[in-house]
Amino acid sequence: MQSEKKKTLLEKYEIPISHLDFAYVETCKNAREMEKIVHILRSGEEGYFPDLLRCSEEKLKLLKPDSKLFRYEENIKKSDILDKKELKPILDWTQDIKTKDSALNELKNEKQSLDLPSIRKLGKIELDKPSPEPAKPTPAASSQPAKAKESRIKSTDYSKWDKYDPDEEILRMDLDEERSKEEADLKISIKDKPATKKELKDEKQAMYERLQTQLKRLSQLEREQFADKHRLRGNEYFKAKEYDSAIEEYNCAILYDPENAARSYNNRAISYMKQSNYVAAIMDCEACLQLEPENIKARLRLADANYARGKRRESYYLYQRVLELDPENASAKQSLKNLNSQLGELAPASATRLMIEELKPDADAGKPKEKTEVKPPADKQTTVVKKVPPPVAKKPTLAKKPTVADAPPVKEYDLAELVKPNRVVNSKLVSAAQALGNKFQAPQGNSPKKPVQSNLPSNEAMPAMFRMPQDNLNTSNKLLIQEI
Amino acid sequence: MDKPQLIEHLHESLNYTVYDTKWVPLSAKFVVLGAKANGHGIMDIYELNKDKLEKVKSVEKKVAFKCGTFGAASLRNRHMAIGDFEGRLQVLDLEQPDLPVYNVKAHSAIINTIDAIGGTQIDCGAPEIVTGSRDGAVKVWDIRQGQAPVVDMSPPPQMGDGVNSARRDCWAVAFGNAYNAEERIVAAGYDNGDLKIFDLRSLSVRWEATMKNGICGLEFDRRDIPMNKLAVTTLEGGLLVFDMRTQHPTKGFSYVEERNAGRSVGTNGVISGPKATVWVVRHLPQNRDLFLTGGGTGSIRLWDYEYPDKRVIDDADGNRLGVAGTMHMVSAATLSSQPVHCFDWHPDKLGLAICGAFDQSVRVLITTKLNTY
């Protein structure tokens, strides 16, 4: 098979024949060597060992799954291997494109008056004549030896050596180097001078305006085509994780063809989400849903965006809306499951958290009052123990009227847990709760006096649920809470 | 199998040599350009009709056609720019091909390659055509201009007239970077492996490099965006993809290279046989990171480019240096015993393509599952 002169692969790769062995292949860790072994075995130069080959191929697949040796090529298949089903889109498409084609042919007779950019000024780029940039180094290089000759000081010329300042020379060399680097930089920066943000914005604005005027002269068919092109380009940018450019392209796509822009809105939404711009994402999802109310992806993204914004309650319903359309949607199911596990701790939309604050001794001469606000919301209750200096009456509580109707069975409240960080002595709790109960009823009438501090509107961050040890709870207290 | 498969949908044998094939935008028609045995040029227009090909029109001219493009044509007129064996550039209306819309003696020798831009995009500059010829010149044309090129990139006259001289032969040209009305780049590849990047805005040579072998094919992944990638194919099987985002002051653009991309990989991944040219590279219009190469052994290969985690790094001197990604071969198939030298993806239908080979035939191909990338 191989001639005398030609080296066998075994010799070429310098692999000992003993390595073509199950035991060695098993232990080999070197992907490159494995590739060589597979190559030798496949070549058949050392004989035909199907089992060993299979074994080493498997090993190579483990070591280097994208090895070039796994590339293969076959003769092209005829279209009869495709199902009718797979070919049908192509046949349908031919019909579809033919109608577009003939529509375009009709358009051809219409005069189109797009303002095309003007003709470029005639120019010439010299090919082999040294262009100005490469020209610079040449004279510099030729002049440098001359200068060096002049400035060279003979070793015996002591008077000159006395005047010689090495620091100055070093500085000069540094400067030279700096200059050449600057020139190189300049060469590039001329080409891509970064425009300021404002300039860019103005330019973009101008471009959009120009597009608007041009668009009026295009037929719907052309607009569709252009819009689609921009959308696809946006997708490419999205894949390359360049979300700003992707959004630009989607903007154009929407501008060109606002009526069929559902997909562009949808894709722009996901780009915004990648940039954590959830408000814009939500708006785009809604725009998409307005065009295509049944769009599952848009619904899902809307829910995701709401969730990411911290609106878990809304997202819960939105995920359910996804399942209405697609009951098998794994992503929505998973999110709902997560939400459900959190929902136990989740406050309703109407709930407000109350802060527990330590009373400042000098705030009020009188006895510190302990007030507890019990916010009884839909499915969980936010109980807040609060010691407040009376004068700081801030917000009327009436606004947050408990909605008892749909309140689930009251849970136990562990006030101890809440209290600890606020250094309220455990033993005082019962009385505190009692006092609280009394106070609570009173303010129902004259709410404005009630000093409630609701400076933490988002109560999702901290689960506000209390669990009071049974022995600490007297029945009256419990009842009170239940009533609320 | 969940990877893309290349499938031959239709096959048409012809009685002339095919030099170029192009889809007519927004239609089921394609144009085949070629040379008959008697040296006459021929242009056939075929239409896909259910599962058959139908010849719609056939035009014969005195001079053989070499290359053509629809890039500078608007969707309404769809005029085709064609370069021929005698250096003439003409723009034809496919409805009335006898009378050219524009006709100029562009070069003193055969026009090897043509590319055009500006037809189907708005706000991306004027429609222009670039031609590369055996006379060593690369010229940019605007059909509104008349008989002179708007930009001329010719070697100096002392190098001869281009017929019998030391001038380099330009084999490939490509437009790129046309993301606004001013910016525009032409890349040109020559038979000695020179790659030149011309900046049409500043009328200068932006970058030069030399490949190991003559450059047969060039294409920017997109013409009308800020330069992103440039694919280069050469003789002896070289396939290089340059990352065009970042130009280093001394090192230029970084690239990833694949040798032997023109040879057949065989059924078991072992490359055998002589080195073969990679004739053509074409990016998928719907996904710029997938591209197809046609090789000298009659095989086509589909590649996937993967970007690196960071596309730009700072080198020791604080200069920005681009980082090339990686290429994976997605799929490969042997079509013919002769080189596959022209290929065109349909601009509007994902996976549909037309390709021509030197076995005097054209094939309509379908590639499945491209949407999974």
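Here the Cβ of each residue, glycine as well, is placed from N, Cα and C on the backbone.
Here is what TrEMBL records for this protein:
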COILED    A:197-224  coiled coil
COMPBIAS  A:147-157  compositional bias 'Basic and acidic residues'
COMPBIAS  A:359-378  compositional bias 'Basic and acidic residues'
REGION    A:127-157  region 'Disordered'
REGION    A:359-382  region 'Disordered'
REPEAT    A:227-260  repeat 'TPR'
REPEAT    A:262-295  repeat 'TPR'
REPEAT    A:296-329  repeat 'TPR'
Three-state composition of the repeat 'TPR' (A:262-295), taking helix and strand from DSSP: 27 helix, 0 strand, 7 coil
Counts of helix, strand and coil residues, the repeat 'TPR' (A:227-260), according to DSSP: 30 helix, 0 strand, 4 coil
Arithmetic mean of per-residue pLDDT over the coiled coil (A:197-224): 78
Number of helical, extended and coil residues in the repeat 'TPR' (A:296-329), per DSSP: 27 helix, 0 strand, 7 coil
